[in-house]
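A.B. asks: Structure incoming, see below.
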Amino acid sequence: MVRILLAAVLAAALHFGIWLNANVRVLPPDVTEKGMEMPINSLSFSPFKPGEDPVEGFVVPVERIDQDLTLLSKYTRNIRLYSSRLGLEKVPELARAHGMYVTTAAWLSGEVPEDRAEIERALKLTNNNWNVRSLYIGNESLLRAEVTIEQLITYLREVRGRVRSDVQVSTGETWDVWLKYPQLVSETDFIAAHLLPYWEGVPWEEAVKVAYERLDMLRKTYPGKRIVVAEFGWPSQGYNFKAATTGKHVQAEIIRGFIREAKRRGIEYNIIEAFDQPWKVNEGSVGAYWGVFDSERRLKFPLEGEFKVEYTSIAFGALAIGALLTVIGLRRRRPTLAHAIIYALAANGFAAGIAMAIAYPFGNYINFGTGVMWATGVIMVIPLTIMTLAKVNEISEVLLGHAPKRLIVAEPDGPKTDYKPMVSIHVPGYKEQPEMMKYTLDTCAALEYPDFEVLVIMNNTTDEYYWRPVADHCAVLNERLGKEVFKFIYLPKVKGFKAGAMTMAYGFTDPRAEVLAVIDADYAVDRHWLRDMVPAFADPKIALVQAPQDHRDGEESLFKTMMNWEYAGFFDIGMVQRNEDNAIVAHGTMLMLRRSSFEEVGGWSSDTIVEDTELGLRLFEAGYDATYTNRRYGWGLLPDTFKAFKTQRHRWAYGAIQIIKHHWRHMLPKSKTLTSAQKAQFVSGWIFWLSDALGVAVAMLNLVWVPMIVFVGMVLPMMSLTIPILTSFVINVLHCVLLYRTRVKAALPEILGAAIAAMSLQLTVGNAVYTGLVKDNLAFARTEKGGNTAKPNQAVKKKMTDSPVFWETVLGVALLASATLLWVMNPLNITEQDIFAATVAVQAIPFLSARVMRWVEKNKDRFKGIPVRAGSPGSSTTHRPV
């Protein structure tokens, strides 16, 4: 525990230091001076709060407007409006009571009747209120091409002829529009220029300088003309716009610097804007954040003295989450200091992402769409964190931790023990190729063990082609051995699939047998399998002994080689680590069981299609132990096709969901049936299945979200949600490369093949998980191998959608196209968009891997002659069957 606490403290110290370094302290120029009446010349005034959208016609209550003006009267004597309706027509009258002047406006939309009505409202409002000094007709209406220059000039001439003589008339446009239309200058009483360096992509450090350069350009072009900076501002948060970045401290530096220089020069200016406007979704991620005050009317930064941006709340939340993840992840057993430190650092890194993701709605304005995105992202990040930290834990433990202690290590000449109980080997079969199954039985007959029997359980196989040669071979072997070792049990009609058949055949087991052993019909076993493994049952706590699955046909093709290395990883890495926690996954081949324990927990269950794994969990829940060896004692056959490979993995994933449904209560903290380490292993294992399903769902959501981002302007996913996905991908790559090299002794090409094979199954697993959540009692689907795949003459004409990788191809190509679209449609170089594009591209890899596997399968002849090393040499054996 000392090492865990030390690692947690060291990681937390570094984590806290990073947060401290992220804090910002700035000292911009003060904008207040002694004797100064008001610090700000003018502010854009739009009093809408969250949930209030002027586009939808929301009318601001008079009382609220008065409250806002009371607040603003402490900072400015002038405010600028953009429209003359929705409650804003009350502003001049209310402003008079606060000693404030108003610039009124008519908003032009290009709809002539509405524009005419708006102009009439603005004229009436202006002429009836003496504290209105200026009137703007239109706001960037030329920039948005909502009116023509001729229309605008017509409106300006009309208004200038009808407005009070002491009111000056202009239109608000960006500085470049004033340069483009010199005729506009002569039609206005003054130039109302918008200087917005952010929208020009100017680095924030140069914003004030560039703004005054634009102003000087206008003065040089139109000497003697009155020029008002009608808009100057900078958003406090949101995406970058080319080189322009945002931040509260950035906004403080720029606005205070601009105001200070404006006072020095004696220019008239208006800051956009007084309050944040959450409704401005049409202006991208920054539209809501131009206010000097936030939407709750809190000043974002002081107008004098030092300004600090601190992340104290998020930092302490992240530190707490990091400490919790560290302790939970490491408390299962005693790690080395190096292992503990690496894991604690990773836990704190993910904790920072979780804390920022959770804090997002408290520091940002969100609508329904962003709320759904945020909630989905947070839900995704939690299992992603658990899964990734489990990988980090495994990497650290294997490379920097203690060597495995619970593995069965076979002695060269076998165990020195007299404990040799009778073993009953059960070999279930269903329409198996006879020659393949006869070979399996031959290897069983060669076992070097004094007392065993073999129950050959042929179920639901009425075609004599399949069962008769096997039955005859059992008789031949018995005659050769001089005693009845092989019992052929013919069950032509059995319910409950494999579990049902083995349950029905169980009555034929010799009463003297103390140990049950199970192998698949295609498994050829090493002659020392029973000799080396059975002695483990001398420990009365041991109820289950498992040896790895391996395959003898991995060298037939590159396709099978890739599959074989994929299987090897689990048995040389995952199972070894799970064994340290007494939490291995029981497999239905190379499995041994204590008979009394098997009967105690009720035997095989027909409620699941993974009866072997479910039985193993029940044995753990009953308080028994299991043990494991990573030495190979049996070799089966790989799936014949990629479709069969998918079918097998679908069955495993679907079965895992069945087990979750029946056993989740045992994983609760209050349950005493399993240890905390066992719970952690089984829960994290289930999360691997669930995360694949969640990954498919998120990928599909992104296919919907990307067009909304590109063509509608919806907000991009926050980086605290996308970066963990990329980080997880990197960790998975490291996990695969480092541990396959260390434990499986694989070369890089073999690692790549295993990775492609593993990733290719994501959609299959996702489909199995969703099916398992909504449907019970799915039929058992056998894995076609050993030449049992349908022959060509059995083939029928198939549709394109019948391809085993049709939907993977569709999704992979669509995601890759979406990523490309995000990259291409990002002329502003928005960082968040590039990161999201990378995330979507990464999400395409598993689906495209399925396409690769199918291509390799269909082009076997192209790879003939390429040397392949198909063994699983993490712990090899010299006893291959011949």
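Cβ from N, Cα, C; glycine included.
Whatever TrEMBL says is automated annotation, not expert-curated.
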A.B. asks: Please identify the range among 191-210, 311-330 that TrEMBL labels transmembrane segment.
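C.D. replies: Going through 191-210, 311-330 one by one, TrEMBL flags 311-330 as transmembrane segment.
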A.B. asks: With a Cβ cut-off under 8 Å, give me the same-chain residues at least six positions beyond the ends of the transmembrane segment (835-853) that come close to it.
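C.D. replies: Beyond its ends, the transmembrane segment (835-853) has Cβ neighbours at 559, 562, 642, 645, 695, 698-699, 702, 706, 709, 716-717, 719, 722-723, 725-726, 729, 755-757, 759-763, 805, 808-809, 811-813, 815-816, 818-820, 822-823, 826.
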A.B. asks: Check for me, if you would, whether the transmembrane segment (372-390) reaches the transmembrane segment (721-740) - at least 3 Cβ pairs under 8 Å, residues 6 or more apart in sequence.
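C.D. replies: Answer yes: the transmembrane segment (372-390) meets the transmembrane segment (721-740) with 3 or more Cβ pairs below 8 Å.
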A.B. asks: Report yes or no: does the transmembrane segment (805-823) come within contact of the transmembrane segment (337-360), defined as 3 or more CB pairs under 8 Å with a sequence separation of 6 or more?
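C.D. replies: Touching, no - the transmembrane segment (805-823) and the transmembrane segment (337-360) miss the threshold of 3 or more Cβ pairs under 8 Å.
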A.B. asks: Test of understanding: applying the rule of at least three C-beta pairs under 8 Å (pairs 6 or more apart in sequence), is the transmembrane segment (337-360) touching the transmembrane segment (721-740)?
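C.D. replies: The answer is yes, given that the two segments have at least 3 Cβ pairs within the 8 Å cut-off.
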